[in-house]
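Participant: The following block contains the structure, expressed as structure tokens.
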Amino acid sequence: MTSAAITPPTTVDRPMTDPFGRTIDYLRVSITDRCDFRCVYCMAEDMTFLPRADLLTLEELDRLCSAFIAKGVRKLRLTGGEPLVRRNMMSLVRSLSRHLKTGALDELTLTTNGSQLARFAAELADCGVRRVNVSLDTLDPDEFRRITRWGDLDRVLAGINAARAAGLAVKINSVVLKGSNEDEIPSLMRWAHGLGMGLTLIEVMPLGEIGEGRIDQYVPLSLIRARLSANYTLTDLPDSTGGPARYVRVEETGGRLGFITPLTHNFCESCNRVRITCTGTIHTCLGHEDASDLRRPLRASADDALLSAAIDQAIGSKPKGHDFIIDRRHNRPSVSRHMSVTGG
């Protein structure tokens, strides 16, 4: 894959703004729906993935990302599925890194389960990636196997060590699960902070059928925070990324702890992001079914005029907030698509 064939981004006249005055400068792109784990809160064990022919090519993903950068996106995150299982994905990372060199892009980053990180960490750093988010819900090998079904904890920990050795900043993302890892949060926090890594806790989200009810997995993070406050001093931080996390400093560890609470605390008022699936569908809200097709305008012309207009139309339809709810009366997915398709 070469960047020479890709149309370079033009100068940004003005940033993209949605109907509620929010600047859209963060793009999350799922480059594959495939994953080498089958986490119990994410997908069913017998998950059927998209035919490979349905996915955008790496060149198309590059052109799509570049079109958003030309329209004011400053932060780009590659997700999945597990992005590092897509063949030749590093050629996409290397090509997109040209936008870092020109200053058109502030940050190129990745969310991963860590299983392939030992193999790719050094190359990611060489491409200008400065930090990665690693999804890790437990440090107990048996519980890790139960949650991921197919995962190997030692391999993930080796990936985290390789990332740190390569100079990548690592943040741990943990989904809190009732009766599973909820009592392990303090030790997970001490471990992460002890290695200089941030930890962000995430409530279960009602996305896609998983073969069981999410109400049996759901723990409100307000409860977890109250438990932590009994033994730790949590000081609210003003840090804002335009995203869903609210941060505290844990005085006893010196580390930062984030809470993503779509169900107990709506996080939509400052949303600055949109998501693109590996098939070229744009979702302007994680918690809505509404979507727009960007693959057709992408393939309809060699220049980006049609694509740019389609992006503008999609941003113009971004809703004010999500519709997530979990309770006994609403124990079905609020959104039918899985996070592995949308991009986690």
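Glycine residues also receive a Cβ, built from the backbone N, Cα and C atoms like all the rest.
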Participant: Given that Swiss-Prot assigns Cys268, Cys271 to the [4Fe-4S] cluster 2 site, pick the one from Cys278, Cys285 that the record assigns to that site as well.
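Facilitator: So, going by the record in Swiss-Prot, that would be Cys285.
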Participant: May I ask you to report the DSSP-based helix, strand or coil state of Thr111 (GTP binding site)?
Facilitator: strand
Participant: Over all pairs in Arg28, Arg77, Thr111, Lys171, Arg273, Val274, Arg275, the listed GTP binding residues, work out the largest Cα-Cα distance in Å.
Facilitator: 21
Participant: If you average the pLDDT over the domain 'Radical SAM core' (19-239), what number do you get?
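Facilitator: Here the predicted model's pLDDT, averaged over the domain 'Radical SAM core' (19-239), is 95.
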Participant: State the three-class DSSP label for Ser135 (S-adenosyl-L-methionine binding site), counting H, G and I as helix, E and B as strand, and everything else as coil.
Facilitator: strand
Participant: Once the chains shown are all counted, how many other Cβ atoms turn up within 10 Å of the Cβ of Thr111 (GTP binding site)?
Facilitator: 20
Participant: Pull out the binding-site residues from the set Cys35, Tyr41, Cys42, Gly81, Ser135, Cys285 whose C-alpha sits within 10 Å of the C-alpha of Val274 (GTP binding site).
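Facilitator: The binding-site residues passing the 10 Å Cα test are Cys285.
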